[in-house]
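The next block holds one structure in the form of structure tokens; read it before the comments.
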Amino acid sequence: MEKSNISKYDQKESTKVHDINGTQYDSASEKPNLDGDRLNFYLLILLYIIQGFPLGLSSAFTIILQSKKIVTYEDQATFSIALWPYIMNILWAPIVDALYIQFIGRRKCWLIPLQLLMGLFMFYMACNIADWLPESGKPNLKMMLIVVLALNVLSSTQDIVVDGWALTMLKKNNVSYTSMCNSIGVLFGIFLGEVCFTLLVSEEFNTKYFRSTPGTGGLISMKSFLLFWAVLVMSVTFSVGIFKKEKKNLEDGIEKVSVFQNYKLLWEIIKLPNIKGLTIALLTTRIGFIATESVSVLKLIDAGLSKDNIMIMTTVMYVGKFAIPIFISKYITSIKPMSYYLKMTPIRLAWGIVYVTLIYFTPNIIHLNSTVVSVPEYYYLILGFVYVINDLLSFLMLIMLFSFFYQISDPRFGGTYMTLFNTLYFLGWFVPNTLVLKLVDITTFSKCSNDIQNLCSTPDLTSMCNTNGGSCNVYVDGYYITTAICTVIGLVWYGIFKNTLKSYQNLSVSHWMVYSRPLDIDEVHEPCIRSS
């Protein structure tokens, strides 16, 4: 990276002031104020909604497949690979940051084709979903995996573009709102793709709550729902292409950087001592909670709970999630987010034990006998309370973590920084998610009720047991073994990284920049950005 590439940024210095809460602002700028920035604010939320929808759709298919009782945890582990593009997009993030068509816009020239392709893939899925996921019979997991994987590749690449644009679309004094746009937008997109899709296409939900005649299907077909989203995504894309102009920003003053230089920049960022420590922490931070997050809902469905009732309960939880960023957004920039993240970590680990205990007793509570399921109203109250608290803790920790990411990202290379942090976060989520599903399958042991020699270890042995009038009964449930292992790892993680992460948030931004000098404690000017 040559000095000429960043010299214009070097010349920009301004003193900093603090408000009564300790929040740092440039004296030349105002405190956060959305006046004149509201359209940009709402556009960012809309783009993040589009980004979150494929993630929600992936979760919806997981729940629908489990409710049909025709897939194993091994199948679920395979299907979870569809989420892996979010841990691989760091490989092409430097390309997205470096290659662009100036007159279209650095971010628009990527956003438009990506979202148009997303719309086309949704259209293709809509036309074939009835064959891939029939009402009865085995689903075509291979085709579902391929198309959902393609959607997530596009969505994860759009994530690079929108994260980079978010740091410059809003005014400098409003950048702190990007965390709110991200959390609300992606969350609402996931809600639409997961909860709304699952409920609206469910015949059971339609029959029970809208008194529809059995056999008429859901309130809307899967094909119609996906077609609607295909049209919506393409309409938004055309509108952005025609009406939204990219304003000149900090990055426009930088000489165009080559792909090679961007990869070199990424490597220089990764080599920073603080980034190395943060990388290890992010790759392991979710292991303590991953079994509770990934498998608990599937275990509830296995126990006999209706997927529709679980989704209704999830809807209540989402209402709280939507409200939280609105109330805490003005405090995000004035707190030390990692301190709050660390305070909630042991609470969430303990709450996971409460959640698992409830799941353990669920079959005894809701089964009148081996075939009839009757769920008492008090059980839903208890489950709802435990489920909502667990998810709200997860969501609050996510907001604090992403707030920290935005605080330490260099806006000159925002797409690269945010993509690196997102990739590390998702890598620490999706890989353990797949491994945990496989571990549950490996550590679960069953045997045939009328043939103790038959351990039901393969589909053929299971079929043989059923053919002979028996049933495969679980005598060792791998879910509880896996959860115990994860909880212990989570406690060890907390002991190792507690003090390290607290110290990271006390460092000045210059300690996270590749081309900067450290600030002396008495300095009031921003760090001069120098070439290495």
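Backbone N, Cα and C define each Cβ position, glycine as well.
Automated prediction, rather than curation, is the source of TrEMBL annotations.
Keep in mind the model is a prediction, meaning the values are calculated, not measured.
Features as listed in TrEMBL:
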| type | residues | note |
| --- | --- | --- |
| TRANSMEM | 41-65 | transmembrane segment |
| TRANSMEM | 77-100 | transmembrane segment |
| TRANSMEM | 112-133 | transmembrane segment |
| TRANSMEM | 145-168 | transmembrane segment |
| TRANSMEM | 180-200 | transmembrane segment |
| TRANSMEM | 220-243 | transmembrane segment |
| TRANSMEM | 278-298 | transmembrane segment |
| TRANSMEM | 310-328 | transmembrane segment |
| TRANSMEM | 349-366 | transmembrane segment |
| TRANSMEM | 378-406 | transmembrane segment |
| TRANSMEM | 413-431 | transmembrane segment |
| TRANSMEM | 478-497 | transmembrane segment |
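Across 41-65, 77-100, 112-133, 220-243, 349-366, stretch 77-100 shows the highest tally of CB pairs under 8 A with the transmembrane segment (413-431). Looking at which of 112-133, 145-168, 220-243, 378-406, 478-497 has the most CB pairs under 8 Å to the transmembrane segment (77-100), the answer is the stretch 145-168. Contact between the transmembrane segment (41-65) and the transmembrane segment (180-200) holds: at least three of their C-beta pairs are under 8 Å, each pair 6 or more apart in sequence.
Of the recorded ranges 112-133, 145-168, 278-298, 378-406, 478-497, the transmembrane segment (180-200) has the largest number of C-beta contacts under 8 angstroms with 378-406.
Long-range Cβ contacts of the transmembrane segment (378-406) within its own chain (Cβ-Cβ under 8 Å, at least 6 residues beyond either end) map to 167, 175-176, 178-179, 182-183, 187, 289, 292-293, 300, 309, 313-314, 316-317, 320-321, 324-325, 328, 332-333, 337-338, 340-341, 344-345, 347-348, 351-352, 354-355, 358, 362, 365-366, 417-418, 421-422, 425, 505.
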